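Below you'll find the structure, written out as structure tokens, and then a few comments.
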């Protein structure tokens, strides 16, 4: 009997695992429970909504000239939305330091905190390719440390791949070592937020001949290191077009114009979650707000505040738990015996009001 129960438990666990793109489905993985993605939004989900997106999927889209969709998200609810919309890639970015935690830069966030975000996203998104950022300080010092950090992102964070910022030779070497360890890597060139100390702030790149050439050279170096894709951030459209043409791997643009292989925006930004993003004084010039969720949220919170202050919430329809009138009497008597006369009166008064509203069940 015990053996049968164990077999049944193992079968149930296998059904609940989220298959990763880089490990066989039969591998031991205590991953998150799959969501129902069969009813994914029609605008982009299509017939293949339930099929896992892999690096091979992206290569196929790139080969066919089909744009790749990427959204940066940081938690379970946003991951569920990204998943149901049929987005190709969900990137768990180190920009969580700014968007979620309120820092001025991406530098403060640690690998351990990033792993928490990765796990939350992995529980919510079962269809997209999941890519986790390597935060500043966890991969630059040596290839060994880079590989160790990347392994944690997959094993502990439940990601399919990692992203790292390119530029310095040490970062290119880190990318190469991680790929050689069997982990898919997405590169990142142009404005690399982890290097703002060198760049002098969040400034567009590729606006001079030398800077533009460096963007293309770095992208090519990341491709040579084995990256399956490269993010191009805040570079002029001609520079992004040149990099896209020069590379054999997909480019993902953010503030890089329409000539990239795909596009990425931050979940909070594209939804208009706030009047302006917390991590910017104004909405980034490259960010189109596809919604005005922030206005809806503010309106709902204001209405909640007003209804609480006027005592109109909660009303009868949101006070679902009942107690019979006879039990209220017994409860009041018990309170009086405890010397809590005012509490007994409060209970009786509440019951009387509920009875007027037809809330209180009849005595049995």
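Note: Cβ is positioned from N, Cα and C throughout, glycine not excepted.
The local packing around residue 233 (active site, proton acceptor), expressed as other Cβ atoms within 10 Å of its Cβ over all shown chains, amounts to 23. The active site, proton acceptor feature in Swiss-Prot is assigned to 233.
Taken from Swiss-Prot, the feature 3-methyl-2-oxobutanoate binding site covers 94, 95, 133, 163. Counting every protein chain shown, the number of other Cβ atoms lying within 10 Å of the Cβ of residue 95 (3-methyl-2-oxobutanoate binding site) is 23.
The annotation Mg(2+) binding site is assigned in Swiss-Prot to 94, 133, 165 on the grounds of similarity to another entry. For residue 94 (3-methyl-2-oxobutanoate binding site), other Cβ atoms within 10 Å of its Cβ number 30.
Annotated transit peptide per Swiss-Prot: 1-59, in sequence order.
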Cβ-Cβ neighbours of residue 163 (3-methyl-2-oxobutanoate binding site) (radius 10 Å): 26
Cα-Cα distance, maximum over 94, 95, 133, 163, record's 3-methyl-2-oxobutanoate binders, Å: 12
Chain-internal residues near residue 165 (Mg(2+) binding site), provided their CB is under 8 angstroms and they sit 6+ positions away: 171, 187, 188, 189, 192, 193, 194, 195
Cβ within 8 Å of the mean position of the Cβ atoms of 94, 95, 133, 163: remaining residues of the chain near 3-methyl-2-oxobutanoate: 72, 91, 92, 93, 96, 106, 114, 132, 134, 135
